[in-house]
């Protein structure tokens with residue numbers, strides 16, 4: 001007698017399950033198992049089977065979804081965002097186009113200090129509504145799991161406010177969120193002459209954040225003019241002692257040694273890495289620290305030097321991709337666009353890109369055993385794409401290829417409708 005399950009997806013043109021026993025590094029990122037003419041079975045929010053046509057034999061479903069030859073993949077994972085913030089900074093773009101430097105904009109109260117001011121002034125409810133709007137956009141582009149950082153408070157109450165908003169978001173809408181405490185995002189004006197005291201203030205928040213389960217990771221911006229390698233080492237060691245996973249904004253501009261520090265501390269991820277040295281790349285590979293690359297930021301800032309993804313992959317580094325969604329240097333929720341930029345400017349292949357936005361991204365935020373793969377027992381988080389094959393998504397840029405998004409086996413995005421009028 002056939003076993004009854006909730007849903008079966010049939011007539012899948014190509015299926016990427018992204019099955020892996022761990023994050024993919026180096027040459028293994030090129031190994032992509034593509035299943036043609038595939039099926040997926042779902043019951044009680046979990047994957048029952050995902051494979052070649054015929055795997056559905058012995059099952060009957062309450063609902064049959066005909067994918068009509070479309071591509072199906074796991075839901076995408078965005079492992080680096082600054083989702084919770086007040087205000088916006090579109091005026092700065094015009095100022096930059098007029099030749100005004102970022103330092104001059106900062107001196108006028110703009111830049112990150114503008115976002116800090118707006119985030120401090122916003123109520124928790126205002127931040128919640130704004131972040132929810134942006135998160136719905138992320139979901140519409142196929143992101144079903146994401147990381148979110150604090151870091152626009154730079155003082156106790158606002159940092160905690162940002163983290164509370166992220167926790168409420170996680171509990172109230174479909175996208176799974178992993179929170180990172182990034183009080184060490186910048187040095188506020190009141191601490192410009194004493195950054196060590198500021199770091200002590202941020203470290204003092206760790207027990208409360210841990211007790212209230214507001215964040216899983218701690219992050220710091222290691223860069224010229226922000227925090228030194230020595231300061232970052234002390235901060236991250238204290239965070240590790242408090243039970244937090246470690247992340248680091250490393251070498252975005254200068255090869256300061258952030259990647260080497262990430263490797264030495266065995267951080268879960270090191271992010272940005274535009275200026276990382278050969279030695280830094282080697283240390284990341286040796287430590288198994290995941291490189292989260294943010295090419296959308298380089299693109300938006302109009303810079304020509306991108307992170308050296310090819311050198312990292314050749315050295316055996318595990319590479320991931322993220323939007324870095326934030327109001328100043330990467331105002332986009334569209335991870336599909338990031339996939340295209342990675343192909344064009346990081347010279348990553350389509351196979352490498354798919355690993356970078358699914359399984360590797362999931363491991364970069366501690367969700368490797370839950371997200372980024374379609375296999376029996378995993379949550380049924382998947383995307384049905386209006387695309388004939390996996391290479392089409394990074395190839396055809398600037399549009400949304402999502403047809404439907406499923407989260408825990410339920411359709412949460414449906415773009416089937418025709419344009420009216």
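Using N, Cα and C of the backbone, Cβ positions are placed for all residues, glycine too.
Record check, Swiss-Prot: Fe(3+) site residues include 80, 82, 249, and the candidate from 6, 324 also listed there is 324. Matching 141, 152, 191 to the N-formimidoyl-L-glutamate binding residues that Swiss-Prot gives (326, 328) identifies 152. Of the residues 19, 252, 260, Swiss-Prot puts just one in the 4-imidazolone-5-propanoate site with 89, 152, 185, 329: 252. Listed binding-site residues near residue 328 (N-formimidoyl-L-glutamate binding site): 89 (candidates 80, 89, 152, 185, 249, 252; Cα-Cα distance within 10 Å). Spread of the N-formimidoyl-L-glutamate binding residues is 12 Å (greatest Cα-Cα distance among 152, 326, 328).
Using CA atoms as reference points, the binding-site residues 80, 324, 326 were checked against residue 152 (4-imidazolone-5-propanoate binding site), and the closest is 326. The least crowded of the binding-site residues 252, 324, judged by other CB atoms within 10 A of its own CB, is 252.
Counting every protein chain shown, the Cβ of residue 329 (4-imidazolone-5-propanoate binding site) has 21 other Cβ atoms within 10 Å. Packing around residue 328 (N-formimidoyl-L-glutamate binding site) is summarised by its Cβ count: 22 other Cβ atoms lie within 10 angstroms of its Cβ, all protein chains included. Residue 185 (4-imidazolone-5-propanoate binding site) carries neither a helix nor a strand DSSP state and counts as coil.
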